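Student: Not my notes, these are from TrEMBL:
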{"type": "REGION", "residues": "1-20", "note": "region 'Disordered'"}
{"type": "TRANSMEM", "residues": "29-50", "note": "transmembrane segment"}
{"type": "TRANSMEM", "residues": "70-103", "note": "transmembrane segment"}
{"type": "DOMAIN", "residues": "80-198", "note": "domain 'ABC3 transporter permease C-terminal'"}
{"type": "TRANSMEM", "residues": "129-152", "note": "transmembrane segment"}
{"type": "TRANSMEM", "residues": "172-190", "note": "transmembrane segment"}
{"type": "TRANSMEM", "residues": "224-244", "note": "transmembrane segment"}
{"type": "TRANSMEM", "residues": "250-270", "note": "transmembrane segment"}
{"type": "TRANSMEM", "residues": "306-328", "note": "transmembrane segment"}
{"type": "TRANSMEM", "residues": "348-372", "note": "transmembrane segment"}
{"type": "DOMAIN", "residues": "356-480", "note": "domain 'ABC3 transporter permease C-terminal'"}
{"type": "TRANSMEM", "residues": "407-431", "note": "transmembrane segment"}
{"type": "TRANSMEM", "residues": "451-473", "note": "transmembrane segment"}
Amino acid sequence: MTATLSGPITELGPAAAPRRRVRPRLEPGLGASVLVAALSSAFGVVLISATGYLEAMLRADPDMGRSDTVAFLLSFLGTVLLGLAIYVAAVVTANTFATVVAGRTRRIAQLRLLGATARSQRAQVARQGLIVGAVGSVLGLLIGTAMAMGGVAMAGSALDLDVDYLVPRPSLLGPAVIVALTTWAAAWAGSRRVLTVTPLQALGAADEPAYEQVVRRPARHATAGFLLVTGGALLVGGIGIGLLSPYGVVVAFVGGLLSFTGLVVGAAVLMPPLLRLVGRAFGGSTAARLAAENALRYPERSSRMAIGIVIGVTLVTMLAVAAESVSARMAAAWGGPLPAELQRPLDTFTAVMTALVAVSAAIAAVGLVNLLTLGVRQRRRELGLLRTLGLTTGQVRRMVLLEATHLTVTALLTGLVLGIGYGWAGAQALMGSVWLGPELTGALVPPALPPGPIVIVVGATAALTLIAAAVSVRPAVRVTPIDALAAG
């Protein structure tokens with residue numbers, strides 16, 4: 001028996017199929033990028049206002065007002081700290097957009113199948129980055145200006161000073177513009193994978209490239225190698241110049257920035273083997289073996305999350321080691337503990353610098369939590385497939401938590417090593433030429449490790465990572481395997 005359709009085929013008009021109004025929706029994960037841009041912009045505004053107020057206060061002092069060195073140091077430190085915050089924000093934003101694009105691969109492939117070009121899709125992602133950067137920068141500009149005005153008023157009242165300084169000024173637009181453009185550039189860099197998406201991928205799952213594919217990228221590896229070698233050479237050169245002049249710290253800073261950028265660029269090759277090596281120390285259960293092998297199975301995803309931890313740990317450790325090394329060097333020259341009138345300003349300066357660097361660490365922490373949450377959300381199909389193959393909900397949860405543990409241990413060790421190295425290099429470049437007595441002139445500055453800050457950064461990073469992983473995996477394992485597979 002054959003069934004046939006008879007009668008005219010009518011089109012569904014507006015009455016039969018009412019149109020639903022499509023509202024613009026922010027892509028999951030990009031809300032954190034708005035927060036990162038706002039934090040960076042507000043930090044820049046507060047930093048410019050704080051250094052400007054201090055310069056105005058020093059100019060009003062009859063003794064300090066004629067010193068150009070103090071004004072230079074304030075401007076230099078402000079520029080360095082603002083540059084660090086924008087650098088961290090750029091890395092976090094690029095990683096966020098790379099993760100978002102990885103989750104969109106199948107959708108982009110479907111659009112390619114319908115005729116869309118890769119460049120048009122990448123331009124769409126870049127436009128989102130520009131919008132995210134503009135919104136975050138404007139919010140940060142407004143919040144930072146309000147905070148700066150309140151801080152200046154409180155400082156004048158508390159210190160009983162009459163300093164002629166007006167907070168709103170054109171220079172405050174600088175951080176907002178720089179952050180917006182940096183966010184756009186980071187979104188463009190993070191979306192480079194769009195160019196490799198083929199229409200054929202619309203028929204399959206949106207998997208990230210395996211480690212064997214990642215290592216076959218000569219151009220990227222050459223860039224990473226060039227940055228590492230050049231940055232390392234400048235770092236060593238800065239230490240050498242530091243034996244003659246304190247300005248060697250500027251060269252060392254540029255070298256550290258370039259060498260760390262090389263690590264970020266080559267992280268997809270360097271970090272996964274370390275993650276698997278650490279993972280093998282956690283036993284041979286099914287969940288443990290899957291967690292260890294996932295580092296090589298999804299190297300880009302693993303390295304993006306690991307670098308988020310490495311940045312924050314490196315920054316805080318670097319400053320703590322540099323400050324402790326300088327303090328120990330001065331104490332050695334003094335022949336014992338520094339007197340209170342010398343130790344107190346040094347401790348105050350270190351506390352202020354730590355608070356300012358903590359802003360960059362907070363930006364990195366926002367990016368880490370966002371990547372963990374976004375990564376687990378995008379892995380629903382993978383987790384559903386594992387449960388279909390026989391893994392229990394508990395095993396899947398343990399696997400995700402073990403992956404977070406591997407990330408924490410590996411990134412903490414990497415960040416501590418880098419932080420100690422960069423911190424000592426900065427202290428050596430700054431203090432190597434400073435005359436502190438006949439026995440210490442030109443001598444190496446021994447690195448000093450402050451236990452307190454290191455314990456705090458290790459504990460806070462471990463707690464943040466594991467809590468974020470535990471919270472984000474809960475909704476993912478609640479979905480039934482059938483629904484999870486259908487969502488892929």
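Including glycine, each Cβ sits where the backbone N, Cα and C put it.
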Student: Given a Cβ distance threshold of under 8 angstroms, which distant residues of the chain, six or more beyond its ends, lie next to the transmembrane segment (172-190)?
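Tutor: Result: 33, 37, 40-41, 43-45, 47-49, 82, 86, 89-91, 93-98, 100-101, 122, 125-126, 128-130, 132-134, 136-138, 140-141, 144-145.
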Student: Cβ under 8 Å to the transmembrane segment (306-328), counting only same-chain residues 6 or more beyond its ends: which ones?
Tutor: 84, 88, 91-92, 95, 260, 263-264, 267, 271, 275, 338, 343, 346, 350, 353-354, 357-358, 360-361, 364-365, 367-368, 371, 407-408, 410-412, 414-416, 418-420, 422-424, 426-428, 430-431, 445-450, 453-454, 457-458, 461, 465
Student: Give the one range among 70-103, 129-152, 224-244, 250-270, 451-473 whose Cβ atoms make the most pairs under 8 Å with those of the transmembrane segment (29-50).
Tutor: 129-152
Student: Pop the mean pLDDT for the domain 'ABC3 transporter permease C-terminal' (80-198) in here, whole number is fine.
Tutor: 80
Student: What is the number of residues in the domain 'ABC3 transporter permease C-terminal' (356-480) that are helix, strand and coil, as DSSP sees it?
Tutor: 99 helix, 0 strand, 26 coil
Student: Do any residues of this chain, six or more beyond the ends of the transmembrane segment (250-270), have a C-beta under 8 angstroms from a C-beta of it, and if so which?
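Tutor: Same-chain residues near the transmembrane segment (250-270) but 6 or more away: 76, 80, 87, 91, 214-215, 220-221, 223-239, 241-242, 299-300, 303-304, 306-307, 310, 314, 418, 422, 425-426, 428-429.
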